[in-house]
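J.: Dumping what TrEMBL says about this protein:
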type   : residues : note
DOMAIN : 2-34     : domain 'Transposase putative helix-turn-helix'
DOMAIN : 168-271  : domain 'Probable transposase IS891/IS1136/IS1341'
DOMAIN : 283-344  : domain 'Cas12f1-like TNB'
Amino acid sequence: MRNFRFRLYPTKEQESKLRNSLGASRWLYNYFVSKGNLPIQDTQFMLTELKEEEAWLRNYHSKMLQMVVHKIDSNRKVLNALRMNGYKIGKMNFIGEEDYNSFTYSQSGFRIERHGNTDLLWLSKIGYIEIRLHRHPTNIKQITIVRRINKWYALICCEIAKPIFRFINPKKSVGMDVGITKFLHDSNNSTIDNPLFVKKMLKSLRRAQRRLSRRHKYSKNRLKAKTRLQILHERIRNKRLDFLHKVSTRYSKNYDVIFLERLRVSSMVKNYHLARNIIDSGWSTFKNILAYKTKLVIEVPSNNTSVNCSKCGNKVPKSLAVRIHKCNVCNLMIDRDYNASLNIKKKGLLLLLPQGLWEATPVEILSESVKQEQNIVQRIVVHYRSIEETV
């Protein structure tokens, strides 16, 4: 499944209908939240009875109302999973008008048509809405209408078969070490600086936040100040996504296999000195984008990637402030991030190598340098060629 976002341009009358649909979905959501923790079967049965009692609900598409029930059930499953993992979780809260910003049509009640030079999205009970398509989606399974800062979008979920790659060339592989000052440093010694969009706009964000804090609650001026702050955050989000897509496209076109370090971001953000910049970097989003653009993405354990020497395997402990890797055994002196990316690539090649094709232990493989890595790649190439011939 792939989601594509398209901008909608509703008229004032259509926007009023979209807002009414949001209001109906929110009312139904809060109604079932007030009924407590019920199984989804009971909630679906209650929905049928509720439509008889509340006749105004018939003005909205049945699939849209059913998806509200599934949304509540999904939220409850997430809360129960967190509770099982030891987190202190309370009851589900009611959602206010400003926080409920989407409703979903599933399986039916929608279609996309083209009238002249204009693309139109038809929604049951709402009508035709102008949509700006940058691609023509097929096999549409679900459409979610989203409101973001007085703008409307359609998130179209399409069923797309994942391509099967019979041959992956390990020679076209790269290891990446992500960071804060440098967004990434790869095993080919190429670097990309981290733009840190929040840091650049921090002064504007603080000013907008102060203006919001000084406005009276529920006043029109407070609503205007809140909108200005939301626009700044939306601008930062769009810039970050644009940057991540450009970097991921560059690497996915040039490499078949990308090796990344498995990072525990939730633990890293506990360091309040670095938390803002870590979140601003968007490492998890970058990994998810690479996952659907690249043939193969492999995460390797993060153990000692910055400590081990990429040439001889000797451990060289160093603090975060030390940016140069100096090995006392083999006299290797390179950038610590470059050393880490080489270690990440070696670990990834070992995971990519099928069992039984290599007799050496991981320690022996790490103790060898470039020749050893070339031997691993050569054996993988031979193996995948043999698979391709049999297929």
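Glycine residues also receive a Cβ, built from the backbone N, Cα and C atoms like all the rest.
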J.: With helix taken as DSSP H, G or I, strand as E or B and everything else coil, how many residues of the domain 'Transposase putative helix-turn-helix' (2-34) land in each class?
T.: 23 helix, 8 strand, 2 coil
J.: Which residue counts does DSSP yield for the domain 'Cas12f1-like TNB' (283-344) in the helix, strand and coil classes, in that order?
T.: 20 helix, 13 strand, 29 coil
